[in-house]
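Q: Can you read through this structure? Questions will come right after.
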Amino acid sequence: MATCVQGCAPAVRFCQRLNRLKTLDEDMMATSLKRCLSTVDLALLGVGGMVGSGLYVLTGTVAKDTAGPAVVLSFLIAGVASLMAALCYAEFGARVPKTGSAYMFTYVSVGEIWAFLIGWNVVLEYMIGGAAVARAWSGYLDSIFNHTIQNFTETYIMRWDVPFIAHYPDLLAAGILLVATIFISFGVRVSSWLNHIFSAVSICVILFILIFGFILADRANWSEKEGGFAPFGVSGVMAGTATCFYAFVGFDVIAASSEEASNPQKAVPIATAISLALAATAYILVSAVLTLMVPWHTLDPNSALSDAFYRRGYSWAGFIVAVGSICGEGPPLFHVPFHRAIFTFTVVSRVTSTTGTRMYAMAEDGLFFSVFSRVNPVTKVPVIAILVFGFLMALLALIFDLEALVQFLSIGTLLAYTFVAASIIVLRFKPEKVGSKPSDGDPEPHAEPSPTAPECQDGGEFKEYESFSDKLQLVEMQKKRRERRAVGQLKACWEPYLGSLLGDCEPGEVVAFSVLALMVSSVSLCAVLVFGNDPLQLPTWSFSLLEGIFSLAFLLSLGLIWVHEQQRNTKTFQVPLVPFIPGASILLNVFLMLKLSPLTWVRFTIWLAAGLLVYFGYGMWHSKEGLRGQPPRDMAARYVVLPSGSLVETLQAVQPDAQGPAQDQGQVDAPPPRSPSAEAHGTKR
């Protein structure tokens with residue numbers, strides 16, 4: 001048995017290496033980047049990330065093909081669904097104000113390899129998103145000039161006919177990204193002001209659309225004569241919601257910029273709420289204006305808003321809308337299934353910057369090549385990372401067709417949303433380490449006042465507990481403190497019912513297994529909903545049975561998590577109703593991921609395999625967390641099998657070879673004695 005246990009030790013240590021967590025510095029505000037972004041800056045970044053061509057194209061497409069005038073309800077439901085994921089990002093951005101966003105959040109709560117894969121995929125999302133934005137904007141600008149740029153390029157420069165590659169090199173799109181890269185290299189303040197200019201133009205155009213559009217509104221366009229408010233019924237509203245959800249992708253840029261925020265604890269949650277509220281309001285009001293101006297079934301999906309003004313006889317208004325769409329993004333970006341490419345031109349420069357800072361975060365932790373972690377001492381930005389990945393984005397925009405680019409989009413973002421929601425649950429119920437400071441807002445575990453001790457009031461005077469009612473109140477307070485258990489333990493009120501079953505588990509152990517069960521049940525339930533009827537053609541009874549089983553497992557996992565104590569923090573923002581809001585976010589994200597095309601999953605798997613090669617070839621061996629936990633070179637590990645069968649790792653000093661004769665004579669200095677607690681846990685010195 002001892003041989004078997006010793007044989008498993010390398011595998012156990014390998015798994016521990018893959019799942020090691022990032023150790024955060026005590027000073028969370030310490031950074032080599034420049035903290036200069038205010039709440040307004042972050043809010044405008046979020047608005048620019050969400051309000052793009054979806055406002056000019058997606059509204060008309062969903063209204064005509066999916067939901068009709070009820071697209072208003074689709075955007076409302078999609079905004080509420082996006083709020084669940086946004087709240088999770090806001091808590092992490094305020095609690096862990098570091099560059100990396102979903103990568104960093106996963107690293108501090110789930111494990112290293114999962115964090116690397118999330119960061120690797122989100123970097124790809126940003127690279128392809130930036131290239132797709134530039135390509136779309138270039139195509140829209142070319143269409144204004146009657147395709148003069150395309151004709152000139154194909155005639156005098158180059159043309160090729162290769163699948164998944166553009167018919168001609170898009171020099172304008174590549175140039176846009178190179179210019180954005182140069183702007184970013186001068187510092188975050190320059191890119192912030194550039195984003196402010198484009199956002200201001202876009203907001204002015206939106207206000208013009210709302211004011212002038214409501215003047216031209218006709219309620220008869222929502223009447224039964226035109227098909228009614230919801231011509232496609234509830235199913236059409238929900239199908240439109242699945243499409244409209246992608247319009248809100250982009251709020252994570254706020255959390256990704258938290259390391260550059262002046263006061264991230266307050267700015268990140270407030271900016272997230274403001275930007276999401278403004279984006280949802282803009283989408284809902286513009287959808288209402290559009291379907292009230294002209295009948296929904298006559299809309300042009302490619303240029304709905306500008307075409308609506310043209311048809312009402314105001315061509316000059318249509319030109320203003322076209323200018324706004326240029327500042328937002330080019331409509332060709334939405335000429336693909338699911339309309340899942342939601343990146344705006346107002347943040348092309350920010351996409352380039354965020355890609356560079358994400359690579360900087362991974363390189364700073366040793367998981368990617370260290371050259372990308374160098375920060376320019378003058379501009380306070382990772383110039384090398386920004387220049388390299390800006391050039392790669394320009395290369396993608398130069399060569400690949402728009403439709404080929406957007407095939408990669410969304411799956412990495414949705415996967416990041418899923419892991420961030422799961423990380424919120426894990427970290428909220430994770431017990432504090434021994435010897436660490438209690439979390440903000442939690443009382444000291446032994447800070448109970450004695451019945452005779454006076455209590456200090458706000459005015460600085462002490463109040464003696466003399467009356468009988470005061471003593472009863474103090475006893476009640478002490479009772480509540482005793483009932484409050486450690487984080488991750490079973491709540492006192494559930495002890496009589498679940499104590500015999502879960503009482504012996506370590507704090508946080510049940511929650512960890514429940515989160516895993518939550519993820520598995522979510523994937524299973526969504527797989528039945530997506531593939532049960534059409535591809536698999538399951539009988540009705542088996543479809544209903546599987547739905548019931550996986551739904552019950554999902555709810556049971558949420559219940560098991562909820563009956564445990566969680567951390568209380570009053571100084572930074574926390575997601576309410578944990579674990580229910582993160583659980584609902586996980587379920588929605590998994591459902592949308594399974595709705596993506598099979599080709600997207602194939603390409604995603606290929607990119608994932610490339611990331612694993614990078615991690616196992618470089619990242620795992622250069623990880624700073626791994627180097628931090630390595631024992632000194634003059635120490636050797638020794639394994640001891642206890643009578644119970646458990647394996648314990650101990651450390652012993654190794655003498656140099658020159659002292660070999662002394663070792664034979666028994667003159668070796670004994671290693672320092674270790675405490676029994678250290679021996680039991682196998683801790684390293």
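Cβ coordinates come from backbone N, Cα and C, glycine included.
A TrEMBL annotation is a machine prediction, not a hand-curated record.
Marked as transmembrane segment by TrEMBL: 36-58, 70-90, 102-123, 171-190, 197-217, 267-294, 314-334, 381-400, 510-531, 543-563, 575-594, 600-618 (among others). Sequence annotations record features per position, and here TrEMBL assigns compositional bias 'Basic and acidic residues' to 434-447. Residues or ranges marked as region 'Disordered' by TrEMBL: 434-457, 653-685. The domain 'Cationic amino acid transporter C-terminal' feature in TrEMBL is assigned to 573-623.
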Q: Do the transmembrane segment (171-190) and the transmembrane segment (381-400) come close, with at least three CB pairs under 8 A (pairs 6 or more apart in sequence)?
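A: When sequence-distant Cβ pairs are counted, the transmembrane segment (381-400) touches the transmembrane segment (171-190), since at least 3 lie under 8 Å.
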Q: What average pLDDT is reported by the model for the domain 'Cationic amino acid transporter C-terminal' (573-623)?
A: 89
Q: Other than its close neighbours in sequence, what residues sit by the transmembrane segment (543-563), given a CB gap under 8 Å and a spacing of at least six beyond its ends?
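A: Those are 425, 429, 490-491, 494, 498, 502, 510-511, 514-515, 517-518, 520-522, 524-525, 528-529, 532-533, 579-580, 583, 587, in sequence order.
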Q: To the transmembrane segment (267-294), which of 70-90, 197-217, 381-400, 575-594 is linked by the most Cβ pairs under 8 Å?
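A: Most contacts with the transmembrane segment (267-294): 70-90.
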Q: Kindly report the helix/strand/coil residue split of the domain 'Cationic amino acid transporter C-terminal' (573-623) according to DSSP, in that order.
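A: Going by DSSP assignments, the domain 'Cationic amino acid transporter C-terminal' (573-623) contains 40 helix, 0 strand, 11 coil.
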